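S.K.: Below are the structure tokens for one structure; questions will follow.
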Amino acid sequence: MAQINCTQVTEFILVGLTDREELKMPLFVVFLSIYLFTTLGNLGLILVIRTDARLHTPMYFFLSNLAFVDFCYSSVITPKMLGNFLYKQNMISFNACAAQLGCFLAFMTAECLLLASMAYDRYVAICNPLLYMVLMSPGICFQLVAAPYSYSFLVALFHAILTFRLCYCHSNAINHFYCDDMPLLRLTCSDTHSKQLWIFVCAGIMFISSLLIVFISYTFIISAILRMRSAEGRRKAFSTCGSHMLAVTIFYGTLIFMYLQPSSNHSLDTDKMASVFYTVIIPMLNPLIYSLRNKEVKDALKKLIASKNQMLSS
């Protein structure tokens, strides 16, 4: 077998969302506004949950971790994308690209698995309310959060190592606004069959298992709600689960659209638009979904603002 002449790539060029100069500044302003709102919303939600004793429950423990993941998730991608709107040569070093891919995969996987943990929490709350504090003890809650973090970071590390051990000799221009797997694989001259098989198996197991947990949990939840005799009880139960159902639908729906569409319809331009949605828009939407639809969070936020105003006026 002939030896591939592999020149070590030291940096990549991120093509970005657009090459039209007149669009770059408006897009910079839009995405900067979204990122600031995302940061304020997610860190604000964590602060509200941490400072209000009424929110020290399993449901809000999971929600604060989801907000943390959303903040990290967005921060891995958006600042570099904002910088690329301002510079003509959108360079990223080899090591920085590897770190970005690894962190992105870790937080995306963690979010996917955390949504499954939250679905299980809602299942226990609706279907086994008398045993809720036993089945969702602090130790179990910690395990339901620690397991997604541990699994996601180990998988992301192995995934990034496999990707960046490949030989890149075709080009160093990544047709994306961040370092993602599929655009990177198009630049390599190494055999990628084993790598693609790893992606398919690992992502498939993670995605199907987490989606199955969510589906089974909500099948039992909806069945239990429909059996409730009290209309007020049904309304309260649907209200409790509605925010999570909406967040799950948006997140998994975007991933299904991106990764399960026919290969004939698959293009990097379509990937870019879908990637904007789940790397930039979803982390901004989640605090809105969980706070605007949640009376306890809104009351805690009002209480926090009132106490801060009282401190400033005294």
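From the backbone N, Cα and C atoms, a Cβ is placed for every residue, glycine too.
Remember, predicted model here, so these are calculated numbers, not experimental data.
Just lifted these from Swiss-Prot, have a look:
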- Cys97-Cys189: disulfide bond (DISULFID)
- Asn5: N-linked glycosylation site (CARBOHYD)
- Asn265: N-linked glycosylation site (CARBOHYD)
- 1-25: topological domain 'Extracellular' (TOPO_DOM)
- 47-54: topological domain 'Cytoplasmic' (TOPO_DOM)
- 76-99: topological domain 'Extracellular' (TOPO_DOM)
- 121-133: topological domain 'Cytoplasmic' (TOPO_DOM)
- 155-196: topological domain 'Extracellular' (TOPO_DOM)
- 218-237: topological domain 'Cytoplasmic' (TOPO_DOM)
- 259-271: topological domain 'Extracellular' (TOPO_DOM)
- 293-314: topological domain 'Cytoplasmic' (TOPO_DOM)
- 26-46: transmembrane segment (TRANSMEM)
- 55-75: transmembrane segment (TRANSMEM)
- 100-120: transmembrane segment (TRANSMEM)
- 134-154: transmembrane segment (TRANSMEM)
- 197-217: transmembrane segment (TRANSMEM)
- 238-258: transmembrane segment (TRANSMEM)
- 272-292: transmembrane segment (TRANSMEM)
S.K.: Just checking, which of Cys97, Cys189 (disulfide-bonded residues) has the fewest C-beta atoms within 10 Å of its C-beta?
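M.R.: Each of the disulfide-bonded residues Cys97, Cys189 was scored; lowest Cβ tally within 10 Å is Cys189.
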S.K.: Compare 197-217, 238-258, 272-292 by their Cβ pairs under 8 Å to the transmembrane segment (26-46) and return the stretch that comes out on top.
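M.R.: Between the candidates 197-217, 238-258, 272-292, the best contact partner of the transmembrane segment (26-46) is 272-292.
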S.K.: Does the structure show the transmembrane segment (238-258) and the transmembrane segment (134-154) touching, where I'm treating 3 or more Cβ pairs under 8 angstroms (sequence separation 6 or more) as a contact?
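M.R.: No; fewer than 3 Cβ pairs under 8 Å.
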S.K.: Using DSSP, break the topological domain 'Extracellular' (155-196) down into helix, strand and coil residues and give each count.
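M.R.: Helix, strand, coil within the topological domain 'Extracellular' (155-196): 19 helix, 4 strand, 19 coil.
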S.K.: Determine which recorded stretch among 55-75, 134-154, 197-217 has the most C-beta pairs below 8 angstroms with the transmembrane segment (272-292).
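M.R.: Of the candidates 55-75, 134-154, 197-217, 55-75 scores highest.
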S.K.: Taking a Cβ cut-off under 8 Å, which residues six or more beyond the ends of the topological domain 'Cytoplasmic' (121-133) line up next to it in the same chain?
M.R.: 58-59, 62, 141, 144, 217-218, 220-221, 224-225, 237, 240-241, 244
S.K.: Can you give me the average pLDDT across the topological domain 'Cytoplasmic' (47-54), rounded to a whole number?
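M.R.: Reported value for the topological domain 'Cytoplasmic' (47-54) is a mean pLDDT of 89.
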S.K.: Translate the DSSP assignment of Cys97 (disulfide bond) into the three-state scheme.
M.R.: helix
